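Below is one structure, written out as structure tokens; the observations come after it.
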Amino acid sequence: MIETDKLATEQRIIAATPASSHEEVFERALRPRQLDDYVGQEKVRGQLEIFIEAAKRRSEPLDHVLLFGPPGLGKTTLAHIIAREMGVNLRQTSGPVLERAGDLAALLTNLEANDVLFIDEIHRLSPVVEEILYPALEDYQIDIMIGEGPAARSVKLDLQPFTLVGATTRAGMLTNPLRDRFGIVARLEFYDADQLSRIVRRSASLLNAQIDPNGALEIAKRSRGTPRIANRLLRRVRDFAEVKADGQITAAVADAALAMLDVDPVGFDLMDRKLLEAILYKFDGGPVGIDNLAAAIGEERDTIEDVLEPYLIQQGFLQRTPRGRVATLLTYRHFGLSVPDARRPERDEWDTPDGK
């Protein structure tokens, strides 16, 4: 039972991580190529415009950049845009791939002047690789060992000036020495429905899909604030529209397609509803401990904490308390339930005694 649910969770259509290598290829085709085409993240985009222009005027590499935030918000896209705006090459890798110091040294020594090195999941770098990275970031030099045993000696190699762009969904897992070496740190936030609607319309035009503004907005509202999910839903709605609606994506067509996919009006799927319904119906709205909740829905604790809960908490449908998980007023309303009187004081704990 648990294995089946794990498989279902990994294949969720509203998952923020790429579903397959095929989807990654599809994403690359839809990526904006310039900052002017990048939708949303206005603060980050404005900062990068200034920093990139200043670096180009001085003919210097851009300061090292750390991009962090939930998956699917455009960190990889921004890394590609940074390289393109700087007019340099981009080399891409990920933290888990760099297992040995030699792996990183090979990448660094092949960089040309002012190139961008993009390391995804940078929080997963091994300590050995991190140690090599520190002098490379500060002094554009690396120390490598030549030979073995008593004959081994350290050789210092000079590197071309370069920019490291690191991306992570877990900035708290970065070591302080590594974090301190980034001159530019930017957090990517969830998108609102209007921004996602613009992304959906742009992607639809690239896919030659016919979509009206209301159809784009309907997809956007169910995309959980994440462009990757919006583009995935657009592909599935396009399939539905071509078979059932002469290819035209309207609000009604999008609603019918997403209902078929079990994605409700706020972007919840079966797994989200299963978790919330368990709290409401099996545990009277909570509080319930994470282990009891995991047993009740046949999921692993890590899956609940890392995959299911973050969006529910961010949207205000779930609370973590010292006593366990608790359903909020929004959850009761979403399922059309009246709120038990015993629950009201917990939800209104900041109100004054007279209710004002």
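Note that Cβ sites are derived from N, Cα and C of the backbone, with glycine treated the same way.
The following features are taken from Swiss-Prot:
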type    : residues                                                                                 : note
REGION  : 4-191                                                                                    : region 'Large ATPase domain (RuvB-L)'
BINDING : LEU30, ARG31, GLY72, LYS75, THR76, THR77, GLU138, ASP139, TYR140, ARG181, TYR191, ARG228 : ATP binding site
BINDING : THR76                                                                                    : Mg(2+) binding site
REGION  : 192-262                                                                                  : region 'Small ATPAse domain (RuvB-S)'
REGION  : 265-356                                                                                  : region 'Head domain (RuvB-H)'
BINDING : ARG301, ARG320, ARG325                                                                   : DNA binding site
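In sequence order, ASP158, LEU159, GLN160, PRO161, PHE162 are the residues near TYR140 (ATP binding site), counting only same-chain partners six or more apart with C-beta under 8 A. In the three-state DSSP scheme, THR76 (ATP binding site) falls into the helix class. Under DSSP, residues within the region 'Small ATPAse domain (RuvB-S)' (192-262) fall into helix, strand and coil as 51 helix, 4 strand, 16 coil. Here the CA atom of ARG301 (DNA binding site) lies 40 Å from the CA atom of GLU138 (ATP binding site).
Here the region 'Head domain (RuvB-H)' (265-356) is broken down by DSSP into helix, strand and coil counts: 48 helix, 9 strand, 35 coil.
Checked against THR76 (ATP binding site), the binding-site residues ARG301, ARG320, ARG325 differ in C-alpha distance, with ARG301 being the nearest.
A straight line from the CA of ARG320 (DNA binding site) to the CA of GLY72 (ATP binding site) spans 24 Å.
It is GLU138, among the binding-site residues THR76, GLU138, ARG325, whose Cβ has the fewest other Cβ atoms within 10 Å in the structure shown. Across the residues annotated as binding DNA (ARG301, ARG320, ARG325), the widest Cα-Cα separation comes to 14 Å.
Site extent for ATP: among the recorded binding residues LEU30, ARG31, GLY72, LYS75, THR76, THR77, GLU138, ASP139, TYR140, ARG181, TYR191, ARG228, the largest C-alpha separation is 37 Å. Cα of ARG301 (DNA binding site) to Cα of TYR191 (ATP binding site): a span of 28 Å.
Ranked by how many other Cβ atoms sit within 10 Å of their Cβ, the binding-site residues LEU30, GLY72 place LEU30 at the bottom. Apart from the site residues ARG301, ARG320, ARG325, the chain places the Cβ of GLY289, ILE290, LEU293, ILE304, GLU305, GLU309, GLY324 no farther than 8 Å from the centroid of the site's Cβ atoms, the recorded DNA location. Counted within 10 Å of its Cβ, the other Cβ atoms near ARG320 (DNA binding site) come to 13, all protein chains included. Within its own chain, TYR191 (ATP binding site) has VAL39, GLY40, LEU73, ILE199, SER223, GLY225, THR226, PRO227 as residues 6 or more apart in sequence whose C-beta sits under 8 angstroms from its own.
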